[in-house]
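Asks: What follows is a single structure, and I will ask about it in a moment.
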Amino acid sequence: MAALAYNLGKREINHYFSVRSAKVLALVAVLLLAACHLASRRYRGNDSCEYLLSSGRFLGEKVWQPHSCMMHKYKISEAKNCLVDKHIAFIGDSRIRQLFYSFVKIINPQFKEEGNKHENIPFEDKTASVKVDFLWHPEVNGSMKQCIKVWTEDSIAKPHVIVAGAATWSIKIHNGSSEALSQYKMNITSIAPLLEKLAKTSDVYWVLQDPVYEDLLSENRKMITNEKIDAYNEAAVSILNSSTRNSKSNVKMFSVSKLIAQETIMESLDGLHLPESSRETTAMILMNVYCNKILKPVDGSCCQPRPPVTLIQKLAACFFTLSIIGYLIFYIIHRNAHRKNKPCTDLESGEEKKNIINTPVSSLEILLQSFCKLGLIMAYFYMCDRANLFMKENKFYTHSSFFIPIIYILVLGVFYNENTKETKVLNREQTDEWKGWMQLVILIYHISGASTFLPVYMHIRVLVAAYLFQTGYGHFSYFWIKGDFGIYRVCQVLFRLNFLVVVLCIVMDRPYQFYYFVPLVTVWFMVIYVTLALWPQIIQKKANGNCFWHFGLLLKLGFLLLFICFLAYSQGAFEKIFSLWPLSKCFELKGNVYEWWFRWRLDRYVVFHGMLFAFIYLALQKRQILSEGKGEPLFSNKISNFLLFISVVSFLTYSIWASSCKNKAECNELHPSVSVVQILAFILIRNIPGYARSVYSSFFAWFGKISLELFICQYHIWLAADTRGILVLIPGNPMLNIIVSTFIFVCVAHEISQITNDLAQIIIPKDNSSLLKRLACIAAFFCGLLILSSIQDKSKH
C-alpha cells in the first residue's frame with residue numbers, strides 16, 4: 001500500500017513538474033540573475049579592487065573573504081616574481097610599521113622585527129631586486145609632507161607602491177584635543193595634492209585607522225578612543241576624495257583593515273596593535289591588490305581584468321550565433337509550412353482531412369537545435385567563469401560543510417528505492433546508482449574544500465579509482481561478450497566522452513589536460529580497445545569452444561600489466577611518448593606533461609583490476625557457479641557469509657588506514673596498489689545478498705546517468721575560477737546561493753547530456769563510408785584548431 005501511494009505521488013509530481021519545466025525555470029532564473037548582476041555592476045561599479053580594499057568578512061577564524069571576488073595566498077616565489085625590480089615604501093606610525101613587517105615576511109619569512117622602532121627600517125632582497133622601506137613619520141605633518149614632496153620631483157626615482165597612514169600618534173601627543181584634529185585636516189589637505197600627483201605614476205594607498213580595544217589600552221593611550229579615530233578617518237576620506245574636482249581620486253582608500261580589526265582587536269596584546277594573524281591578512285590583501293593584475297593567479301579574481309577574448313573564442317561565438325540564427329530561420333519556415341498544411345475540416349462530414357505530406361523532423365533541425373541550445377549554455381559558462389559578471393568566493397572547509405550534505409543525500413537516496421529489472425552483479429541500474437552517489441560525494445567534496453582534510457581526500461581518491469574500475473569492467477565486458485571492435489563503437493564512445501570537453505576547451509580557452517578525468521578515461525578506453533582488438537582477438541564466443549583461449553587472454557592481460565609497470569617506473573619514457581607532437585597539445589599543462597604523469601600514475605592499476613574482475617566474473621557466470629536469481633545470495637550461505645565478513649573487515653581496514661594517513665605523498669604512493677581492496681569489498685557487500693542486488697536507488701541512478709556531465713560542468717558553473725572557488729549567484733545568503741546554483745547546474749548538465757546523445761547519432765553514422773567521411777571532416781577541424789592555436793601561442797609570446 002505504501003509503495004502504491006509512493007508511485008502515485010511520484011506520478012502526480014511528474015505530471016505537474018517535469019525535467020523540461022525545471023529547465024525552463026532554470027533559464028528564467030539565469031536571465032533574472034544576470035539582469036540583477038548587470039544592474040548591480042552598473043550601479044556599484046565593476047572594479048573588484050574597490051571591494052577588496054573596502055569590504056569583506058571572515059570565513060571561520062582566519063580566512064578573509066572579500067566581497068564578490070577571491071583572494072590568492074601568495075607564496076615566496078610568487079611574491080618575488082611579482083615585485084622584481086620594484087620599490088615599495090611604507091610611511092607612517094607603529095601600525096604602518098606592523099604592516100611593513102607582515103608584508104616583508106611574505107617575501108622573506110625569516111625577516112626579524114628588530115632595531116629601533118622609531119627609525120626608518122630598510123629591507124632589500126637582492127635575488128629579486130626588491131626594495132621595501134619603512135619611513136618613520138608617525139604624524140601627518142611637515143616632515144611627512146617633505147618626504148612625499150621629494151618623490152614628486154622628476155629627477156628622483158619614485159616608489160612603485162606607497163602605503164601611508166597616521167593618526168593615533170597625533171591623538172596621543174595632543175591628548176585628543178579638537179585643535180589637533182583641525183591641524184590634522186590642514187596637514188592632510190596640504191599633502192593631498194602631492195599624493196594625487198604621485199598616484200598618476202605609482203600606486204598610492206592611504207590606510208585608514210583601525211579601531212582600538214579601549215579596555216586594554218595603557219594609561220598613556222586612554223585618550224585614543226574609537227570616536228576620535230572615526231573623526232580622523234572621516235577627515236582623511238573627505239579631504240583625499242575631494243582632492244580632484246572633476247574626477248575620482250587616484251589615491252586609494254585602504255579601509256578593509258578596519259573591518260578586519262573590528263573582528264580581531266580583542267585578541268590584541270595592548271589594545272592598539274593588531275594580532276599577527278590579522279596583520280598577515282592585511283598584508284596579503286595589499287599583495288593581491290598589486291600583484292593579481294601582474295601574475296593573474298587563477299584563484300585570485302580580485303583586481304584582475306577580464307581575460308582577453310582569443311581568436312578561437314571569437315570564431316566559436318560566430319559559429320554559435322550562426323547556429324542560433326539558422327535554427328530560428330528553420331523554425332519559422334517549418335512553422336509556416338506546418339500552418340499551410342494544417343488539417344482542415346470537411347464542411348459536409350465535419351471530419352478532419354489528413355495531410356497528404358507528413359513532414360518528419362529532419363537531422364538538420366536536430367543539429368541546428370542542438371547547437372542553438374549549446375550556444376546559449378556556453379554563453380552561461382562564459383558569463384560564470386570568464387566574463388566576471390557573477391561573483392566568486394573562496395572555499396572554506398569545516399567538517400559540517402562536508403558531512404551534513406553527505407548525510408542529507410544518503411537519506412534521499414535511500415528514500416527513492418526501486419526494484420531492479422535484472423539481478424545480475426553490477427547490473428545497469430546498480431552501476432548508474434554507484435556512479436550517481438559517488439559523483440554527488442565528489443561534488444560535495446569539491447565545493448566544501450575538503451581536499452585539505454587528508455582522510456576525506458584518501459576516500460575520494462578511491463571513488464575516482466572506482467570510476468576507472470568501472471571503465472575497465474564495462475568496456476572489457478562489452479568487447480568480450482559482443483566482440484564488436486568496429487570503428488563505429490570506438491567513435492561513439494570517444495565522441496560521448498570528449499564532445500563537451502572539446503567545446504569547453506574552445507569556449508573557455510583551457511587546455512584539454514585541464515579537464516584531467518576525460519583524458520584519463522579516454523586513454524584507458526583506447527588501451528582496453530587495443531589490448532583486446534590486437535591479434536589474436538579473443539572473445540567469449542571463441543573461448544567457450546576451447547579453454548586454451550582463456551589462458552591466451554590472461555597472457556594478454558599480463559603483458560598489459562608489464563607495460564603499465566614499465567611506464568609507471570620510467571617517467572622519462574612516459575614523458576617522451578606524450579611529449580610528441582600532436583599528443584603534447586592534448587597532454588601538456590603549463591608546458592610539461594608532469595600533471596598528466598601524476599594523474600595517470602595515481603590510478604595506474606585500477607583499470608587492469610576492473611578488466612580482470614570482469615573476466616573472472618563472466619567466467620564464473622558462464623560456468624553457472626553464481627546464483628543470480630532474485631533474492632538469492634550469490635554463493636552458498638556459508639561462502640556468502642564468509643565473503644561478506646571478509647569484505648566488511650577489508651572495507652573498514654582500508655578506511656582506518658586512510659583515516660590515519662599523515663603524509664599525502666606517502667599515501668598516494670600506496671594508493672594504486674591498495675585502492676582495489678575497498679572497491680572489491682564494496683562490490684561484494686552490495687552484490688552477495690540477494691535482497692541488496694534486487695533494489696537500487698533511482699535518485700542516485702538518475703544522477704549516475706549524467707555523472708560525466710556533472711563532473712565537467714562543475715568546473716565553471718557551480719564552482720568558479722577553474723574549481724578554486726565557489727560561484728556566487730546570490731550574494732549574502734550562502735545556503736540559498738548553493739540551492740539556486742545547484743539547481744541550474746544540474747539542469748544544464750542534464751541538457752548537455754541530451755544534446756551529446758542527439759549529436760552522437762547524427763555526427764557518428766553507422767554506415768562505415770559515411771563515418772569515414774565524417775572522420776576526415778573532424779580531422780580537418782582539429783588540424784585547423786591546431787593551426788589557430790599555434791598562431792595564438794606565437795602572438796602571446
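Glycine residues also receive a Cβ, built from the backbone N, Cα and C atoms like all the rest.
Owing to the predicted nature of the structure, the values given are computational and were not obtained by experimental measurement.
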Asks: Would you say Swiss-Prot puts Ser18 and Asp722 in the same topological domain with respect to the membrane?
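Replies: No - Swiss-Prot names a different topological domain for Ser18 than for Asp722.
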Asks: Given the candidates Asn175, Asn241, specify the residue that Swiss-Prot annotates with N-linked glycosylation site.
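Replies: Per Swiss-Prot, N-linked glycosylation site applies to Asn175.
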Asks: Pick from Asn46, Asn768: which one does Swiss-Prot list as N-linked glycosylation site?
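Replies: Of the listed residues, Swiss-Prot records N-linked glycosylation site for Asn46.
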Asks: Of the residues Asn141, Asn187, give the one that Swiss-Prot describes as N-linked glycosylation site.
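Replies: Record says Asn187.
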Asks: Counting across all protein chains present, how many other Cβ atoms fall within 10 Å of the Cβ of Asn46 (N-linked glycosylation site)?
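Replies: There are 12 of them.
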Asks: Please work out whether the transmembrane segment (771-791) lies in contact with the transmembrane segment (487-507), by counting C-beta pairs under 8 angstroms that are 6 or more apart in sequence and asking whether there are at least 3.
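Replies: Judged by the Cβ rule, the two regions touch, with the required three close pairs present.
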Asks: Can you tell me which of the recorded positions Asn46, Asn187, Asp270 is spatially closest to Ser94 (active site, acyl-ester intermediate)? Compare CA atoms only.
Replies: Asp270
Asks: Considering Cα atoms only, can you say which of Asn46, Asn175, Asn187 is the nearest neighbour of Asp270 (active site) among these glycosylation sites?
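Replies: Result for Asp270 (active site): the nearest of the glycosylation sites is Asn175.
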Asks: Let me know the DSSP-derived helix, strand or coil state of Asn175 (N-linked glycosylation site), please.
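Replies: Coil, per DSSP.
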Asks: Sort out for me which stretch, of 487-507, 548-568, 606-626, 639-659, 726-746, has the most Cβ pairs below 8 angstroms to the transmembrane segment (440-460).
Replies: 639-659
Asks: Of all the recorded positions given, namely Asn46, Asn175, His273, which is spatially nearest to Asn187 (N-linked glycosylation site) at the Cα level?
Replies: Asn175
